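Quick paste of what TrEMBL says about this protein:
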ACT_SITE  E418  active site, proton acceptor
BINDING   T137, G176  FAD binding site
DOMAIN    133-242  domain 'Acyl-CoA oxidase/dehydrogenase middle'
DOMAIN    282-433  domain 'Acyl-CoA oxidase C-alpha1'
DOMAIN    482-630  domain 'Acyl-CoA oxidase C-terminal'
Amino acid sequence: MDVKYIINKDQLHQARNSALHAHEKYYKDFSQLLKTNINNRPVIDMASDEHKAKTHRDAIEVCKMGVLDVRVIQKDPKIFLSYLTSLSSCDMSLMAKLVIHFQLFGGTILELGTEEHHNKYFPDIKTMRIVGGFGMTEMGHGSNVRQIETTAEYDHTTKEFIINSPTRSSTKFWIGNMAKYGTHIVLFCRLIYKGEDKGVHGIVTQIRDLDSKNVFPGIEIGDCGPKIGWNGIDNAWIRFTNYRVPKENLLNRFANISDSGDYTCKLSTPGKLFQVTISQLVFGRLLYICGPIKALTITLRTGLTYAFNRRQFGEKNKIEELIINYPSHYQVLLPMLSHLVAFEFARDSIIERLLEPKTTDERLDETNSTISGVKALVNEYTMIYLNKLRTFCGGNGVSSFNLFGYYRNEMDIFQTAEGDGAVLYQQLAKFLLSEYKKWYKKEGVTGYIIKEVQTFLATSNPMYTHTRSIPYILSNEFHHHAFLYRFERIRSTVIEKLSHSKSKKLTFLQSWNDSLLYIIDMAKAYSHLYILEQSHLAIRRCQDPSTRHLLNDLIKLYALSNIEQDFAFFRNCNFLSSGKAFAISDAIKELCIGIKPYALQIINSDYNILIDPLLNIPLANLDGDYINHMADCVGVPKSNL
Ligand SMILES: Cc1cc2nc3c(=O)[nH]c(=O)nc-3n(C[C@H](O)[C@H](O)[C@H](O)COP(=O)(O)OP(=O)(O)OC[C@H]3O[C@@H](n4cnc5c(N)ncnc54)[C@H](O)[C@@H]3O)c2cc1C
């Protein structure tokens with residue numbers, strides 16, 4: 001394959017950042033402010049207490065800039081997202097501290113509170129006179145929030161809630177910003193009303209005096225100790241003993257206790273109330289898609305820049321070979337680049353969907369479930385890639401200055417934060433199965449048989465499974481069919497297994513857990529299908545033909561390398577003959593060879609990371625002079641010869 005691409009940097013940049021492109025002014029201005037005012041960059045070697053104090057000081061300085069405000073989330077969440085994107089070049093602890101304070105704490109008050117709460121808290125959140133936290137997780141329960149144990153019993157005589165941690169496992173755990181500096185949390189607890197458990201509610205709870213910073217009687221707090229990452233965040237354990245909070249602190253947009261002491265809820269079921277109560281997690285998951293994508297962009301850029309400048313071995317008496325020219329390098333780095341671009345397309349589609357102004361319950365459910373799957377998948381890949389990238393830079397990959405270890409540690413937490421993959425994939429799987437149930441109800445057995453026969457005919461046709469035609473192997477039609485087939489095939493297996501639960505005398509939960517690996521695979525397959533479909537849509541939207549051509553080939557590489565990773569499945573199902581599988585591997589190699597000369601221009605087309613003033617990575621410098629940049633970092637003297 002002899003391909004030549006014309007790189008139009010602006011078009012490529014725009015295509016890779018479509019959701020926030022129109023808001024880039026906010027990103028740039030805020031990046032500049034951050035550089036001028038605090039110059040906070042990734043912290044790679046600092047004692048934990050010092051790191052926490054620095055993070056706190058810098059967070060206050062950021063608030064003094066007056067840019068971040070909960071009202072911005074309300075007015076235009078894309079502006080807020082643009083600010084967070086700027087912050088993601090700072091030390092991750094600073095970003096996490098501000099996200100917890102503004103989005104998790106402030107955003108929950110915005111979502112679950114009323115105008116009175118907004119007016120009372122937002123001005124102090126903006127200046128950080130109060131420091132907010134999000135008190136959901138307990139020692140006994142993280143993913144399964146419904147089972148948290150902290151209680152808030154309503155006492156109508158004083159119009160207060162009495163908060164208690166009835167067991168050791170009910171101790172609030174990991175609560176960010178709270179061990180040292182926090183003053184308020186949105187406390188998630190069981191509301192006990194006239195002896196009846198009304199389920200999980202959010203109550204704003206002050207835990208420290210604003211001036212003295214002393215913890216109030218009835219509250220015990222400690223630090224959760226050293227961590228793999230986010231060491232500038234003071235994560236706390238917190239316990240309550242008969243601690244009283246006024247009734248008006250209940251975030252009562254949906255569930256309320258009136259002055260006369262009556263409990264009412266505007267939502268039709270406790271399930272719906274629970275969903276809105278934890279709704280901030282959905283926006284949080286979007287951030288946990290954006291963060292790893294940015295980390296991957298930065299580290300892949302380092303890996304590629306180094307690979308195009310580092311030489312090792314080669315023909316005798318000739319200049320040594322660039323390491324990018326080893327297939328063991330480029331056939332990993334270029335599929336990685338293609339995955340990055342596909343993830344960017346999925347991220348942008350999710351931003352647009354999540355921020356749709358008017359949306360139905362069904363659409364919201366679909367969006368939330370999709371976010372869960374994509375969040376899990378992007379984090380899974382990012383962690384694998386970060387490890388690979390570090391080894392691809394050899395010993396220099398170990399140097400903290402090159403930030404591989406930093407991102408590996410800071411991103412690690414993203415995998416479980418706001419939901420671990422195994423839990424999130426199941427959430428998506430439940431949605432997918434309920435959608436299928438609706439479809440089946442409409443189409444019935446006849447529709448089912450027609451669909452199965454269509455799939456069978458397509459894939460049992462030897463022409464189909466054996467064809468090695470390169471144009472067909474490279475076609476978007478084939479890729480979409482393969483991804484769709486994988487999803488539907490695994491879904492059929494899941495349905496078949498679940499429907500046997502009755503004959504096996506299993507409860508639904510037993511049967512679900514029995515099929516769990518297939519269920520998770522189904523959700524992963526759907527997430528890949530979603531990413532592919534969104535990538536195809538994004539390419540079609542791209543106005544510039546040469547950029548469209550390049551993006552199209554990148555997404556072909558994403559699709560084919562993904563199929564290759566899953567050869568075991570496709571071969572087991574006889575979707576591919578072995579000859580076709582070999583032809584796919586050859587096509588991947590050809591695509592990699594074609595794209596390789598353009599890889600640096602492609603990665604650098606996301607020029608936001610180039611104007612990021614806060615990153616200064618020796619191996620990633622555009623001039624490619626990594627020897628001198630590394631030498632300067634560690635004080636190697638210049639040669640006198
Ligand atoms: C640095 C840090 C900061 C944090 N900050 C906050 C904060 O500010 N506020 C807050 O409220 N929380 C916070 N957390 C808590 C965090 O959000 C939880 O750790 C997360 O929700 C996962 O819950 P868990 O730790 O209880 O894991 P668990 O739910 O116990 O999961 C453990 C493992 O079991 C698996 N698992 C669980 N259930 C199932 C199932 N049904 N099927 C298959 N597998 C399953 C999971 O996938 C996972 O692999 C923080 C955590 C950390 C580490």
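Including glycine, each Cβ sits where the backbone N, Cα and C put it.
No curator has checked TrEMBL annotations; they are predicted automatically.
Each of these features: where is it, how hidden is it, and who are its neighbours?
In the three-state DSSP classification, E418 (active site, proton acceptor) falls within coil. The number of other Cβ atoms within 10 Å of the Cβ belonging to E418 (active site, proton acceptor), over all protein chains shown, comes to 23.
Cβ neighbours of G176 (FAD binding site) (same chain, under 8 Å, six or more residues apart in sequence): A96, K97, I100, L104, G133, F134, W230, I233, D234, N235, A236.
Sorting each residue of the domain 'Acyl-CoA oxidase/dehydrogenase middle' (133-242) by its DSSP state yields 6 helix, 51 strand, 53 coil.
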Once near-sequence residues are set aside, which residues in the chain of T137 (FAD binding site), 6 or more away, have Cβ atoms under 8 Å from its Cβ?
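In sequence order, the residues whose Cβ lies under 8 Å from that of T137 (FAD binding site) (at least 6 apart) are K172, F173, W174, I175.
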